[in-house]
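Per TrEMBL, the features are:
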REGION    19-38  region 'Disordered'
TRANSMEM  53-70  transmembrane segment
TRANSMEM  82-105  transmembrane segment
TRANSMEM  163-184  transmembrane segment
TRANSMEM  196-216  transmembrane segment
TRANSMEM  223-240  transmembrane segment
TRANSMEM  297-318  transmembrane segment
TRANSMEM  330-350  transmembrane segment
TRANSMEM  362-384  transmembrane segment
Amino acid sequence: MSPTSSSSASARGVLPSIHIPGATRDKSSTSPSPVRPSLFCKTQESDNALRKWASLAVLIVFTTATSIVSQRSRAVGSQGSYSIATAVFLSELLKVCVGFFLAVFCNSPTTIKDSASLPLFSEKAIALDGDDAVELDDDGIQARGNAVKPSLLDRIKRAYNDIYCASAWMMGVPALVYVAQNMLQLAANSYLSSVAYQGLSQLKLVTAAMISVFLYKKTLSSRQWISLPILMMGVLLLAQKSPSKQDVANAAALLDYVSDESPFAHRHAGSIETSWRASKMIAEAFALASKYANAQLAAGATLVLLACICGGFAGVYIETRLKSSMSVALSVRNAQLASFALVTAGGAMALEAIGKEGWQPLANFTTLAWITVLLRGAAGYVVSATLRYADTIMKGFATSVAIITTIALESILTSHLPSTVQVLGSILVMLSTYNYVHI
């Protein structure tokens, strides 16, 4: 580069191109091989396809496992259920640890788009010169010793500066909302079956669409508008809950306990009156169990709807308010979110401790509860890894397939075949979800 061109480039405020000695290639002197690029492209395409389908399979298994394990971990046993605030706090703590680890060891930006070290977050940037990427310091000069790998302490300092930068406070709002969403989801698992929870969770498409339209003036296509009522219809069918045999038995035992003339307490073999009383009490027990099931459905559906509203608002907020102003690595963003969420969940734990005498944060934490913490802590990173190899359409397809796998696995665990209403509802939810994201 001549001095004249260098000075003119500096006058325009543009960094001059920096070439690494020995790394510059004369593109005009060599001609590409007609065979090797073709073989390389085919190999790369096959590898990408394999990674895409593998990531989708992992997402399907992960979504199914999270739904079933969370529901079963919240089943109230003889000793009661575990603390929701503690579970959310532990999952956010896991997210912070994983995010910081990835930012230290796996955050190696090579382009401006995926760099976590833009001027907004630190003093370094990445200058591109053709196919070569050169790291620049704050003076625009190639960093000395660039060939030497940074030490572990340097990596930790860079990750800390990237995560806890001056602009990280913008993640506080969505982090607060996400904590509320996680707590509502765990509470909903106490009232709903895994199938009903999985279906009702798809209402996040509806809430996100409404928030985007009315708050942020986003325009939906006609296909998306048609998909929304179909999705809601399918969710209503999936949420139908009939009283189980255990519910009827519990109701019968309750009626038998409060009745002074219980046919189960005074058994007279062959007595028509006793048989009539028993039939009447069974009918009353079924009606009582049905009311109990409907009350559980109403409570669970309300909690899931509130969780979907929180998740939809946080997702749209990040997409519209922060996406244009923040260009960071996913590990850094997840760590920022989890850091604020950790503080919020800690506040919820403190309020719970104040309100309960003799409060024990890890009381009733069974194996399923710890697995739930691990699954929820890894949720954001699994979705991020999936979107790295697959697009939003395939993610929506994987979510729909997870409904089928949840129904199938739940049927195996409970030894009950899915009802016709559940099958029809799952079909409507899958079709509407795929149709909504397939623009």
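Yeah, the Cβs are placed from backbone N, Cα and C, and that goes for glycine too.
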Selected stretch (most C-beta pairs under 8 A with the transmembrane segment (82-105)) from 163-184, 196-216, 223-240, 297-318, 330-350: 330-350
Beyond the flanks of the transmembrane segment (297-318) by at least 6 residues, Cβ under 8 Å: 173-174, 177-178, 180-181, 184-185, 187-192, 196-197, 200-201, 203-204, 206-212, 215-216, 239, 241
Tertiary contacts of the transmembrane segment (196-216) (same chain, 6+ residues out, Cβ under 8 Å): 63, 67, 70-71, 185, 188-189, 224, 227-228, 231-232, 234-235, 238-239, 241, 297, 300-301, 304-305, 307-309, 311-313, 315-316, 320, 399, 402-403, 406, 425-426, 429, 433, 436
Spatial neighbours of the transmembrane segment (362-384) far in sequence, C-beta under 8 Å, 6+ residues away: 58-59, 62, 65-66, 69-70, 72-73, 77, 79-83, 86-88, 90-95, 98-99, 102, 182, 186, 330, 334, 337-338, 395
Residues of the parent chain within Cβ reach of the transmembrane segment (163-184), under 8 Å, 6 or more residues beyond its termini: 84-85, 88, 91-92, 99-100, 103, 120-122, 303-304, 306-307, 310-311, 313-315, 317-318, 321-322, 325-326, 332-333, 335-341, 344-345, 348, 376
